[in-house]
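Peer 1: Below are the features listed in TrEMBL for this protein:
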type     : residues : note
COMPBIAS : 69-81    : compositional bias 'Basic residues'
COMPBIAS : 82-96    : compositional bias 'Basic and acidic residues'
REGION   : 57-107   : region 'Disordered'
REPEAT   : 128-161  : repeat 'TPR'
REPEAT   : 363-396  : repeat 'TPR'
TRANSMEM : 30-49    : transmembrane segment
Amino acid sequence: MSSSTSEAAEAGSSEFLTRVRSFFSENKKAIILGTAAAVLAIGGAAYYVSTTRPLIEEDSDPEKGEKKSTKKKGKKKRKSVKDKDGPILEERKSKISDSQTSSIATDEPHLSIAEIEALPPEERTKMAATLKSSGNAAYNSKKFTEAIDFYTRAIEISPKPEAVYYSNRAACYINMKPPKYDLVLRDCDEALKLDMNYVKALNRRAAALEGLDRLKEALRDFTAAAILGKFQDDSAAQSVERVLKKISTTEAQDVLKTREPRLPSHTFISSYFAAFRPRPTLQFPESPSGGDNTLQLALGALSAMDYPHAMTLVNEALEQGISWDAGKAEALNLRGTFKFLVGDSTGAQGDLEQSVQVLPSLTQSWVKVASVHMEQGNPAKAFAAFDSAIAHNPKDPDIYYHRGQDQQRYQDAVDKFDRAIELEKAGPQPMNVLPLVNKGLALFQWKQDSAAAEELCREALTIDPECEAAVATLAQLSLQKGNIDAAVELFSRHADIARSEPELINALTYKYASQAQVEFMKNYPSMVNELGQMARSMI
């Protein structure tokens, strides 16, 4: 391994994308806020999927009263139709007093259109308000059919359309068994025509859309509800997360069913292998088997950086059979590495664990097992693998390098990346661009210098257009700057080249969350300035 390659090892490995994702998710506020505010700085980018709450049904439709408490800021359990006293429906302030409405009988017979039109507007308003109150009482008693009748009569009698009557009737439809989602949509559409800022109607329509599996439309409405509600209702934000997860996970699974496994860019593979120090040359038996000879060819292709050929040969070597333990462990290590690089984490884990069963002292396999666990989001198992590596070979520096990558010594890291860039540019091989990307991320984490980070990522992509780490980082930086159109394009590009299911889901999550906000800003252009103020107050 050249000194250039050795220094480039400091530029990171496949764990880099995990660190990119972790950094942005740890510094999150809300993607539904951050990307909508063009002036938003670090601290407001990544609203990352994390919940798996069930589909909204009865307990998702309760309504809080118009009055909002300012005394308690903690989480408060929302009322549901399952609660003893039932949920509270929308109670927008009436134009007439309670004493006026109480004098009107709720058992007023159904009037014809002619009889209704003959009534004075004030009398019709009073009757509609009373019918709404009766509907609320029936709803709280879980008498949804009766409540629907009251709200329908209120809609018919009211001298002008009232959004609240449609929204409350939608609440009845969504709580019926089974829910009547088509009627929920109809009433919520009417309510939102009258008041496009009606958060409760947005939430109800979103729940119905989700129930009908129209998930992208549901995401649109939940996103709008969360923003218009100024993030005071945790359930709206959780709904955004839930629907994003459904969309991204389903699409990722569909993509991976038809996508042929493929290696990432030459740069990515080179940097991964360079992240491990050279080990003694493998000693082959005096009388090698056919599988032994094929393994030797595979290792030769690996040294020549002919990665596709090396992957094919090591597969053949294991199929043919390898005659001694050290060779078998090495072959399993290499095949597991290639599986990891094409995104088959499960297969990689199996090969790498089998490798250390055959030869427990093979530290590199333990470290790679840790990498697989880290990518799968299981740090406890990752550190357990590191502990096993230390137990078998406590003096191997690779263990401590990989375990200590995230120490956040930024000045030292930038100096090392600068040295790696210098050596890479002077070397005879095609440049490994990961030092550029790593330096950009370090500068962003250290000094929030997004301009420098973006410039370094773009330089990396001019050299290696398939560098997944550069695309992923640049997409996140565009999101931070509020350049949503560019972010959507980059997240789409990241999804096209993502090598693993977690990275594909991550890219799709940000893509669809960003698209939902683009639609929100088109529908609510007057909210953009207010979003900027909200974002700055949350930083």
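For all residues, glycine too, the Cβ spot is worked out from N, Cα and C.
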Peer 1: How does the repeat 'TPR' (363-396) divide up by DSSP, counting helix, then strand, then coil residues?
Peer 2: 27 helix, 0 strand, 7 coil
Peer 1: Kindly report the helix/strand/coil residue split of the repeat 'TPR' (128-161) according to DSSP, in that order.
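Peer 2: Summed over the repeat 'TPR' (128-161), the classes give 27 helix, 0 strand, 7 coil.
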Peer 1: To what whole number does the mean pLDDT across the repeat 'TPR' (128-161) round?
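Peer 2: For the repeat 'TPR' (128-161), the model's average pLDDT rounds to 95.
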